[in-house]
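What TrEMBL lists as Mg(2+) binding site is S162, E231, H259. Under the heading ATP binding site, TrEMBL lists R381, D395.
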Amino acid sequence: MARRALFSRLLVLEQRTYFTRSKRSFLLPQRATNNTNMLSTEKLATISQSITTPSTTCTFAAQKQQQKQAELSVDQQYEECVSDLNKLQSNATTIRRSILLNNKQLPLSDMHKYMERSGLSLDELEKIPFIHVSGSKGKGSTCALTESILRAHGVRTGFYSSPHLLSVTERLRLDGQPISKQKFVRTFRRVYSRLHKQQQYEGDMPAYFKFLTILSFHLFLEEKVEVIILEVGIGGELDCTNVIRNTQTVGITSLGLEHTHLLGDTLSEIAWQKSGIIKKSSDVYTYVSQQECLDVIRKRAAELSATLHIVPDYQKYCGAPEHEDLLYNLNEVIRLNGSLAIQLAYDWLRKNGYTQYKGMESTKLTNEVLVGLQQCNWPGRCQVLGIDKLNFHIDGAHTVESMRVCSDWFKRVTSKRTNPRVLIFNTTGERDSRRLLEILYSTIDFDRAFFVPNISSGAANHNDNMSVFGITEQLKRARLHASIWYQLCIESDEEDSSKTVGSVLDCLKDVRATYGTEEPVDVLVTGSLHLIGAAMAAFKYL
């Protein structure tokens, strides 16, 4: 009604303007000249400018948004982007939804829909060769080593991984380096805006991991990389990275029971999900040892006419005397995943014009491979950092198998020392915390044990490391871990020296207060990569 009344008044004013121009103002009602409720021609012009069409309004809003963004620093723009990203639901939620609906194609059909909306052509994307890697443990390390080896050959690489430790940009790497915040903001805003505008209902947006996967594809296409190394998020069969149809080089790392509520309760079910990334006529490389898992992988490979390769043991590469000492001194990550990475790199090189690798013995090491292994930087996995007298041993072990490796590693590297040993531990998701803690308790004699949430300090966590679990829930979990440790101490008739604290920084301050700054202390931080990220953020306050 108000709009109709306004346009009626505008019509009257247009007529009055005509009469004024015709010098017939004597026909206007006398009361019009003094009535303040009547609109003057000047006010008419002002109101006319303010009445805009929807398209004009959108353009004006976009201009205002661009002006606001120009006034913000890159760091502020990055924080805004990460804040929008954090509002998207988790990858696990999406897969769980597909299982509840008994629709195994839901994650991938959604992926196709959102890729199309974002302006991404799957046909164009698949012109770039992919190396796709799944597994329960070590897939990120394997991808990092593979990428480093290819980069040592002069190949322009794109590498997509998860999770990150400190910054979301770590998930998106060009030539081995996390992309800049500027590049992230530019790509994020374009992709997010396209998807947000085409929502068909509230919340019709890809999940957190799915969105970043789409963003990575846009980025790698624009940067004209020669290969994309793609780490699976959860599982394989239903993971959104499995949208790629023509992968010819596939890797499967070690398998164990994990994400059982999503992937299945048996190793066979886990193996079926992980081997879901095998594509027709591809070459599949693995060092999986469990026979029940190998049987599943072999069957799925045969169904797709793919060739399965069991990679050589790491020691087989030490045949040449000049390599023996070098390989022995490489860290635990390379010993565990190096052979798989080497074979994945060799396979890609053979298929992409590097003829010197055709017919070459599989365990022969070229100079480029040795350079790639030595220069690979993959923090948070069997990593040692020294800060004053605190020797931090950092590993994101979160499965039974990986915790055994982590415990053996820590015990081996500290066996000749008499330093106090301290444990900092947390897990996330539906991990079997008791089994993980049993391995740690039975393998290593810790002087102190701290159970903490994945929070770096008492201050609010950085946007990049925002947890889907609140502080109350995380503290509840930390207390659960402390109670399990207490039970293990009681069962062994030993004194419980554990403690629950509210943040990693509080924990580190407690260690300093206990042992001072003169005595060296060996600290193991493990149980979750999210905990590793929180710890690294806390280190800068020491």
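Each Cβ is built from the backbone N, Cα and C atoms, and glycine gets one as well.
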* Structure fact -> Neighbouring CB atoms within 10 angstroms of the CB of S162 (Mg(2+) binding site), all protein chains considered, total 20
* Return the member of S162, E231, H259 nearest to R381 (ATP binding site) in space, with distance defined Cα to Cα and candidates limited to these binding-site residues. => S162
* Taking Cα atoms as reference points, rank the binding-site residues S162, E231, H259 by distance from D395 (ATP binding site) and give the first. => S162
* Asked: For the binding-site residues H259, R381, which one has its C-beta crowded by the most other C-beta atoms within 10 angstroms?
  -> R381
* When a 10 Å sphere is centred on the Cβ of D395 (ATP binding site), how many other Cβ atoms does it contain? -> 25
